[in-house]
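Asks: Structure incoming, see below.
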């Protein structure tokens with residue numbers, strides 16, 4: 001039997017939110033308590049939780065490596081080629097990597113103030129909705145669901161395919177094999193749909209892949225430098241341009257590099273769960289961003305100790321070429337490590353992005369189908385299947401997809417930091433445990449405007465398509481969320497898939513909720529069904545006296 005469940009409890013105490021749900025929901029589904037009714041063949045249950053779900057996240061205070069662990073991913077194995085291609089020299093490419101870390105640090109400081117001023121989990125979505133209202137928050141969620149997460153998954157899937165097939169085709173570019181990517185995505189979708197526990201185990205195991213690959217690359221790079229093999233890094237060669245980069249090329253180079261830094265706002269999605277965020281959030285930023293910048297810069301330096309710029313540009317899998325030139329018989333370690341890293345990265349994106357779909361649907365900003373949860377395993381199967389479908393649709397050229405997703409990412413970052421300045425103006429007396437100098441958001445926004453304008457100028461089709469997709473969310477918001485008094489025919493048309501009803505304030509955030517359907521009468525016994533209609537009145541319960 002499949003049940004829709006309206007849960008009104010706060011799950012408190014230790015452990016993760018999902019583990020609490022996993023332990024609580026099946027028992028509720030079996031007991032038949034208040035709020036439990038028959039479903040309509042959905043195969044899932046639908047949760048409408050209150051805003052605040054408390055669970056402990058104290059390990060973040062003890063381990064600040066959670067932020068760099070979330071930032072460092074497959075981007076460092078993809079982006080070096082794109083950065084070098086648009087800069088035209090080794091030296092300028094390294095400057096772009098260092099500059100990317102600096103811009104990420106500025107953005108992180110702005111997000112730190114927002115995180116403690118608006119102490120809610122949800123990151124950009126919560127801040128934009130709080131400051132600018134429901135439409136802006138909906139558009140950000142719309143872009144995340146339709147562009148950011150699926151495109152990032154497509155890029156990582158293509159990287160996995162390249163690194164797996166490159167050793168098989170060492171002298172040419174591997175043929176595009178969509179069936180392998182499809183089978184991998186479907187496998188991980190099945191794992192996430194089947195068990196939260198197994199999805200977490202896979203993520204923990206495959207995280208070691210990227211750490212092994214990066215540690216090996218940096219170590220071998222230092223050995224090469226000590227041997228004197230750093231000809232490409234000397235100033236005379238490092239700034240020997242084989243092309244003159246335009247301002248648009250520099251903007252695209254930064255977009256390529258910024259893809260590797262995505263994830264620096266990770267802690268803002270769990271601000272409510274941080275212990276003493278006023279102290280720990282800035283500390284995590286000051287430790288993590290320089291560490292990630294160091295790792296990325298020295299990984300690129302290590303690449304250039306083994307390869308010339310022309311060899312790096314001609315390589316379809318940079319780390320594989322690096323291993324073949326320096327590791328000899330152990331060169332197989334590199335593609336295996338990178339493949340494990342990308343495999344784990346896809347699993348992590350599926351695991352977190354599906355929860356974003358679930359959260360948005362639960363708050364009425366996405367179709368309620370995406371808020372369905374498996375009765376037994378508590379995993380959002382429809383959201384996972386939706387994401388898997390979008391991934392298949394978006395598979396294409398890797399570096400074009402990186403420009404596509406990075407442009408939308410930075411657009412959302414800038415809107416959020418504009419919200420910081422707007423909040424300073426609208427509520428100057430609000431308590432701010434962290435208050436950054438106003439020059440920090442202004443500097444970030446100046447760079448942000450430069451980046452978006454010249455990226456749009458250099459890649460008008462790629463960036464323009466992203467803007468058009470975001471704007472398609474405007475009529476969807478007004479028809480599905482803002483329009484409260486819909487005709488009955490419209491409600492019948494969209495009521496089965498989208499929540500409709502009054503928009504009310506639940507705390508500081510605007511949430512659209514569907515009016516709950518009237519309770520279904522209990523099923524009648526066969527003997528009752530056999531009686532004529534008039535005889536059924538005899539089975540009415542007697543009224544209480546008085």
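For all residues, glycine too, the Cβ spot is worked out from N, Cα and C.
The region 'Disordered' annotation in TrEMBL covers 516-546. Annotation comment: TrEMBL describes 57-78, 90-114, 135-161, 181-199, 211-230, 250-271, 283-306, 326-352, 373-395, 401-424, 436-458, 464-483 as transmembrane segment.
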Asks: Counting only pairs at least 6 apart in sequence, do the transmembrane segment (436-458) and the transmembrane segment (211-230) share 3+ Cβ pairs under 8 Å?
Replies: no
Asks: Is the transmembrane segment (90-114) in contact with the transmembrane segment (283-306), using at least 3 Cβ pairs under 8 Å (sequence separation of 6 or more) as the test?
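Replies: Result for the transmembrane segment (283-306) with the transmembrane segment (90-114) is yes.
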Asks: Can you work out which residues elsewhere in the same chain, 6+ from the ends of the transmembrane segment (211-230), have a Cβ less than 8 Å from its Cβ atoms?
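Replies: Apart from its flanks, the transmembrane segment (211-230) reaches 72, 76-77, 295, 298-299, 301-306, 319, 322, 326-327, 333-334, 337-338, 341.
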Asks: With pairs 6 or more apart in sequence, are the transmembrane segment (90-114) and the transmembrane segment (401-424) linked by at least 3 Cβ pairs under 8 Å?
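Replies: When sequence-distant Cβ pairs are counted, the transmembrane segment (401-424) touches the transmembrane segment (90-114), since at least 3 lie under 8 Å.
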